[in-house]
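Trainee: First the structure, then my questions, so here it is.
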Amino acid sequence: MDANLRFWRAEGQSFFQRFLLWADVLDPLLLLKSSDEIRRTRLFIQNSEKTLSEPVQNDQWSDLPFFSFKSSVHPDTDKIIPVLFRPPGHLRPKLVFAYNLYFLQFVFHTYTTGFTMLNGNGTAKAEEYSLQEKQIFYGLGAISYAACIAALPHIFMNRYTLKSSLTQLVVKQLLPAPLLGLMSAFTVVVVRSTEFENGIEVMDRNGKVVGVSQKAGEKAVKETALSRAVLFGTTFFLPAVLMHIVGRAKFAKTPRALASLRMLMITSVLAGMLPVSLSMFPQCGEIKRADLELEIVSSTEETELFYNRGI
């Protein structure tokens with residue numbers, strides 16, 4: 001089992017523990033770590049017998065860029081993730097593309113889809129080239145579909161000149177948030193569909209791979225899709241409700257003040273919801289042996305097996 005997954009299994013048993021870990025991992029300063037520094041950290045961890053045999057405590061790594069390793073190296077493929085698609089970089093594009101429901105929706109879903117592809121489970125059993133081609137093809141279809149669905153309410157409203165205050169409230173403020181959450185979950189399911197089609201590796205407590213399971217892949221994708229829906233649904237619904245209250249109360253007097261307040265609310269809610277959504281489910285997921293395929297059930301006596309959920 002990868003040292004990254006060992007750490008998550010040992011230190012991320014509860015939601016609160018996972019939240020504290022993600023709060024450290026999402027530090028934007030980790031994006032400044034060079035590839036050479038990340039490689040040296042990875043080599044040190046891989047060569048450390050203690051890391052591989054005992055749970056690692058946070059204070060043992062206080063003098064090392066260990067969190068840059070956790071946020072920059074894929075636990076399945078052991079490859080360094082591109083800077084823009086690492087978890088600490090997951091915040092910035094959201095603030096840029098958040099509230100434009102037209103062509104920027106395409107850019108928004110392109111980024112989130114790329115993030116999903118590079119941070120998903122990397123153990124699906126298929127020829128690497130054909131698997132990447134399939135994911136890209138599925139991803140482009142999911143991006144196009146999600147962007148069109150997000151724009152439809154506005155197109156419908158403008159086409160039939162629906163200008164009532166209730167319609168404006170529903171289409172411009174209330175509907176985008178659940179729609180964005182639903183479409184974000186949809187893109188995760190589509191892009192990572194290869195995981196429940198081909199299966200992902202499941203391991204015992206010692207990190208030994210005991211088989212490839214489609215059911216574990218399905219569980220990993222469902223958990224990630226749900227966390228993504230919660231992230232974007234809450235992040236964009238709560239500020240919309242608060243801004244409606246602010247508008248009714250006339251706290252902000254000018255459009256510029258309203259725009260600044262809206263961006264502040266989005267930033268605050270997103271900064272808080274990102275570690276919350278990532279902490280909803282363990283990074284090193286668990287699944288009961290009885291819930292797996294018969295060939296895996298007959299190959300081990302372990303009652304619980306583990307897998308990499310992905311992000």
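Each Cβ is built from the backbone N, Cα and C atoms, and glycine gets one as well.
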Trainee: Between 12-32, 96-116, which stretch does TrEMBL give the note transmembrane segment?
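Mentor: So the range that TrEMBL calls transmembrane segment is 96-116.
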Trainee: Look over the recorded stretches 169-191, 229-247, 259-281 and say which has the most C-beta pairs under 8 A to the transmembrane segment (136-157).
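Mentor: Against the transmembrane segment (136-157), the leading stretch is 169-191.
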